[in-house]
Each structure stands twice: as structure tokens, then as C-alpha cells.
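Engineer: Straight out of TrEMBL:
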| type | residues | note |
| --- | --- | --- |
| TRANSMEM | 21-40 | transmembrane segment |
| TRANSMEM | 52-70 | transmembrane segment |
| TRANSMEM | 82-105 | transmembrane segment |
| TRANSMEM | 150-169 | transmembrane segment |
| DOMAIN | 290-357 | domain 'Sphingomyelin synthase-like' |
| TRANSMEM | 301-326 | transmembrane segment |
| TRANSMEM | 346-364 | transmembrane segment |
| TRANSMEM | 416-438 | transmembrane segment |
Amino acid sequence: MAKPARAPRPKPPPARASARRLLGLGGLGVAAAAYVGVDYLRYLSPAWHGRLQPALWAALALAAAARAPFYRHWSAELRAALPFLGSIAFMLAAFLCEAISVRFVSAVMGLHWHGTAAPLPDTGQWLLLSLNEKLPQSVVDLLRAHIITLHHYLMLFIMLGFSVLFDCIKAPGLGIATRYMFTMAIGRVLRTITFIATILPSARPWCAAARYQIPQHPHPWAQKYYVPYASDSNAIRRVITHDMAYAAVQAYPDEYRPDWGRMSFLVDILRPTPGEGPSWYHLLKKASGGCNDLMYSGHMLVAVLTAMAWTEAYGGWISVAIWLLVLHSAQREVRERHHYSVDCVAAIYVGILLWRMTGFIWSARDLTRARRLAKLEEIQSRLVHAAKDSDIDEIRGLLKEVELAGQEKQGFSQRAILTFAAGTIIFTLSCVLIAFTMTSDG
């Protein structure tokens, strides 16, 4: 009796595909966790931190540079370059408006107000102080630990963007970078509108005296429209009734008004003092995070956008870990009184909603399959007719059209793509090196 023929064994995948699949399944998450863990060694063992951190970054940079020549989507990256540059310009403009507004809300009430205004009651702060009394000391120490800060979230996103070279996320990498920066710029604009609308006292009353040289007295606008009605309930009732500022303004020192040329209109907004430098730009460099409560937290917005990008583009256990780190950062912002609890809560849901709204810029969904299905529906009648006629050449030609419908359109010469690829790698690695150097202290 003849033995049944054995089915041929499937051939093992090529080594390069196996390595790429291994990296996609967990290698990127391990690299991200290693980056955060090695950087935390600065607190546990500075000597090992000094050895391992340069080695880790050198390994990641060499891996990216070695993989770049084999990357298949440089034409898509080139098409995404202009929107990417536009998002950078938009984000820088948003940061400029935010810096001007931060200085304004910090200076408008004067230094005396900063020192005397009581912080707002924050139930989140009360909860954390209560937990400190009930939780084990090891847990409290973990909650207090500076495991991750702003520059870590930025670097985690850069690592996610570079992982496109290894096909860990959907191309183009500049597409997700464009979405990230555009969303952040929108978030910064909304944040600026929010915190400039109502001036809230800082949770750290000593901040302004330590950071700024602003005048002691309030701005002329506050002298007229706020100070006379700040504490007198009868005055408040009367101004509500008449809807007009009626009280006489007290005598205050004159405002310092330097000559900034075309930028002199900023004098009333920035409130400079003689010892703060010769130009408006020097004041903005010192604006930092401000000394009022800025609704909502900009640090938490960056953290949430990073977590959303990882969740959509990569997923897996590392995305869950990043969300846990986001929650850790939120409680530490409240614990250390950098923000009130409402600032962190608002930043979380604003970041999630904004990321969901900007999916038109870049999305992890595979559009090639949709294009192929659309092309298949278009040629369906021709394909059926060719099958009835047993026209093999016609069938092959139609299936080739379906395959080509899912491929990227080149549109650029090979030389232009190679030049762009080399320039992009050099520019991006240089930016990463500069950012790493400037934020190495957290």
C-alpha cells in the first residue's frame, strides 16, 4: 500500500526578517526601558551611569545609522518633509507666544502679591500627604523617586520615531513626528489661552522672589481693574451692579520703559526692570515655567502625547509601562507642588483628546490594504471576464495593478532620495546629541 505523500515543510523565514520581527515584538520596548533605567543610575550609582549611558546611546546611534541604507521608505519620508518643517515652525511660534504669556502672568500682579497670595486648597495634595502616613516607606520612596522627567519623554518619542528604520512602526517616521509636534503646538496654544484667562497663585509662594526681578507693585491694568475690588465685598457688589471700574487708583511708582525699538510694544506686557538685560529676548529666556499656576501642566501634556504615540504606533507592554510612568509623573508634579491636581488631570484628558483629533496627519492604520481592495473592486468585472476566457496574461496584468496600487509612489530620483536620507540621518542624530547634552541633568 502506497504511503501518503508528506506535505512539504515550510521554509524558515530569512534571518533579516526574523531579526526585524524580534525587534518589533519586544526589542524596542527593551531599548526604551534600558534608556530610562540606565539614566536613573545617576541617583543609584553615578560611576556606572557614566559608563553605561554613553555606551547605550552609541549603540542606538550605530544601529540606526547601520539600518538607514536599507530603509525602504525614504521617498515617503521626503514627501513628509515639508509638513514636518511646517509643524516645527508652528510649534516654535506657539512656544514664543507661551513664553511671552508666562512672563506676563508672572509679572502683572507684582512681587508682593506672589509672596502674600495663599496657595489654592488642593485635595490631591491632601490625599498624597495622607497616603504618606499609611503606605510602607518603600512605596512612599518609590512615589517620590525621580524615575522619569520631561527630557525622558522627549527622548522616548525620538526612539519611537527612529524605530521606523527597523519597521517597528508605520512609515513615514516624519509623519508621526509631524503629528506629535503639531498636536503639542495646539496644546500649547490652548494652554496659553487657559492660564492667561485667569491668574492663579502658585503652589510655591517663594518662586517669584527666587526667579524674577519683577516690580513689587502691580501692573497699571491691575491697579485699576483688580486691586480696588480684590477684598472689599461692597466694592465687588458695586462693580458688578454698575459694570464699570469706578474706584480711584492709588499712587504707585512709575513703570520702567526701556527703548526696544520695534518691540517696544512688549514693554507693557513683559514689565522689564533695569537689571534684567538689555532686550526683550533676555526676559523670555528667564521666563522658564513661570511662577503662577499655569493651567494645565505642560510637562504632563508632553508625557501624555508621548504615551499616546507609543500606544497607537507600537503598543505592547512598554506602552502600559509608559502610562504608569505618566501617572507617576502626575502625582510627583502634585507632590512637589509644581502644579495643582487639576492641572495634571486637565493635561491628561486634553492630551488624549488632541491626539485623537490629529489622526488625519499620521495614523498607524495600514492604508495600503485599503488601496488594494479599492483597486480590486474597480477591476473585479474585468478579472471575472478574463477568468472566464482563461486569459492568464490578462489575469496576471490585473493582479499586478492591484499589487502596484498598494505600493508607494516614488516621484523622486534615487540621488535625491539618497541625499535626503543622508541629510536626515545626520541632522536628526545631531539634534538628538544636542538635546541629550542639554538635558542630561534632567
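Think of each number as a place in line: the chain as shown, counted from 1.
Using N, Cα and C of the backbone, Cβ positions are placed for all residues, glycine too.
Tell me about the surroundings of these features in the structure.
Structural biologist: If you look at the transmembrane segment (52-70), the same-chain residues 6 or more away from its ends with a CB under 8 A from one of its CBs are 31, 34-35, 38-39, 41, 159, 162, 165-166, 421, 425, 429, 432, 436.
For the domain 'Sphingomyelin synthase-like' (290-357), residue counts in helix, strand and coil come to 53 helix, 1 strand, 14 coil, using DSSP.
Counting only same-chain residues 6+ beyond the ends of the transmembrane segment (301-326), those with a CB under 8 A from a CB of the stretch are 25-26, 28-29, 32-33, 36, 147-148, 150, 153-154, 156-157, 160, 163, 168-170, 176, 179-180, 183-184, 187-188, 191, 347-348, 350-352, 354-355, 363-364.
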Engineer: Could you tell me what the rest of the chain brings near the transmembrane segment (346-364), counting residues at least six beyond its ends with Cβ under 8 Å?
Structural biologist: 83, 169-170, 172, 175-176, 178-179, 182-183, 186-187, 190, 295-298, 300-301, 303-305, 308-309, 312-313, 326, 330
Engineer: State the non-local partners of the transmembrane segment (82-105) in its own chain: residues 6+ outside its ends, Cβ under 8 Å from one of its Cβ atoms.
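Structural biologist: Tertiary neighbours of the transmembrane segment (82-105) are 174-175, 177-179, 181-182, 184-186, 188-189, 191-192, 195-196, 199, 266, 269-271, 283-284, 287-290, 292, 294, 298, 361.
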